[in-house]
Ligand code: F6R
């Protein structure tokens, strides 16, 4: 939710921090702040409500003194509204110590009472200031050992947190800690970095270290040390970042979302690459897990939001190809009931960020209950894959826009690969050659939808800029795409939108149809099932008879829908399981074009943050 960056080295830190925050702004954008220790050893701090640009302007008007030790923060408010005072950093020890935080400190109330009784005066309404005050008190009490004070503080905190702190008596030192919130180390030459993710320092180094749960890190220009919360030294895990700074830049596009929608052919191709051998799907990361796939009798896919709709597509594919029962569970629901799971259950989690708290907690819960866990994730070194027995990475590259697009396509691709891999191992797929060929053809087909329908769909959205509600209908794998189409529209254009299983229409939602109501209908190919196709055509007639304005997404040459559609968006012919990757593209473009027509910021929609690291 919040973005965190830290720097120690020979260079002035302010610009490095601001550039890092700009790359992390997708994580939260309601206020931002930086603190630096200058050459004379005094601490300067500036924080402002509003987007990063407000802080940037303030610093341009009145710069902080140069300093080569610094921390920076971009906030998504939890405790206390987005104001200057509630923004981070928070200061303690007579304003000599600065601290920033991502997460929620659940026992902050009790700690605040304790500190108030001790005479501490709080300036903000945040849980973070409690951690800063506690750290200040520990530091003053132990004779000025910041690392020791940090250890004692983290052991008193409950909840989820990444903390970074520095003290003006220790220039050249930033200390950080993490529990259930992300933090990675960037290794430079004579300088080191900390960040919520590698985007924070990608323009300076692609060499990174992953920090495990409940660990504390200290960085100086020349050294990195990591200990656990008991103080025992730990060896952090090195990894190289596979993408470069340009991948996280807008690069001439009007928005990150536009760029990411356009990158889908590449995201899908990169996710497939190296996973087809001799006409079969073989996922090298799953080597040695055949026994697991043979031993399970149930799969639960757990995720949130867009990732949960990818999961629904995965359910159809895995059941069809691997002949094993699959359920899809929203991560925050799964964990708080009493699911029947055990060693014969494979829990597959899906997460772009790998840091979504609800999904992380579901994975931990599944493991505690003896289930096997596999994650599908887009972010190297993230917490969810580290907590899982196995991981299949999607290779969509960094996704910056808050609304997920290319990561969704890559997630479906990974699930299709997983279904075919499991189908082969379980002996359920006799001949996968047609499906493997369909997979390989996907990037080109997605590119053709982007090229062929961009203008048409953008025009349609322009006509509909005043629309107050849009409905989306689909059957089979079209159903999750209807849900995703509605979510995209809600998220970035703030228009009421609902996705329904088309068969559900007559059980209630049809009451919503009145003359002029726009309804997108995802029509499956009649080549896959004439029956399902005819049912959808009947649904179209039902809504059309009640005055709906029908916008159909159908394969090229589907003449049966033409008489009943106000608009037809064409997608190329594809196998049943592959259609979702084509049909979702016009819906993404539609949402983006409608939001743009309304003058909205498609990359940073109101109230949202990209990585939801609180429950
Ligand atoms: C919607 C969107 C969210 C995420 C959800 C899970 O566009 O991006 O619904 O899909 O918050 O996020 P990850 O995949 O990072 O776990």
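Cβ atoms here come from the backbone N, Cα and C positions, even for glycine.
In the three-state DSSP scheme, residue 2 (active site, nucleophile) is classed as coil. Taken from TrEMBL, the feature active site, nucleophile applies to 2.
Under the heading active site, for Fru-6P isomerization activity, TrEMBL lists 610. Remark: residue 610 (active site, for Fru-6P isomerization activity) has 26, 27, 353, 399, 400, 401, 402 as non-local neighbours, by Cβ distance under 8 Å and separation of at least 6 in sequence.
Here TrEMBL flags 2-222 as domain 'Glutamine amidotransferase type-2'.
The average pLDDT for the domain 'SIS' (289-428) in the predicted structure is 96. Residues or ranges marked as domain 'SIS' in TrEMBL: 289-428 (among others).
Under DSSP, residues within the domain 'SIS' (460-605) fall into helix, strand and coil as 74 helix, 29 strand, 43 coil. Residues or ranges marked as domain 'SIS' in TrEMBL: 460-605 (among others).
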Counts by DSSP class (helix H/G/I, strand E/B, coil) across the domain 'SIS' (289-428): 64 helix, 29 strand, 47 coil
Cβ neighbours of residue 2 (active site, nucleophile) where a neighbour is any other Cβ within 10 Å: 29
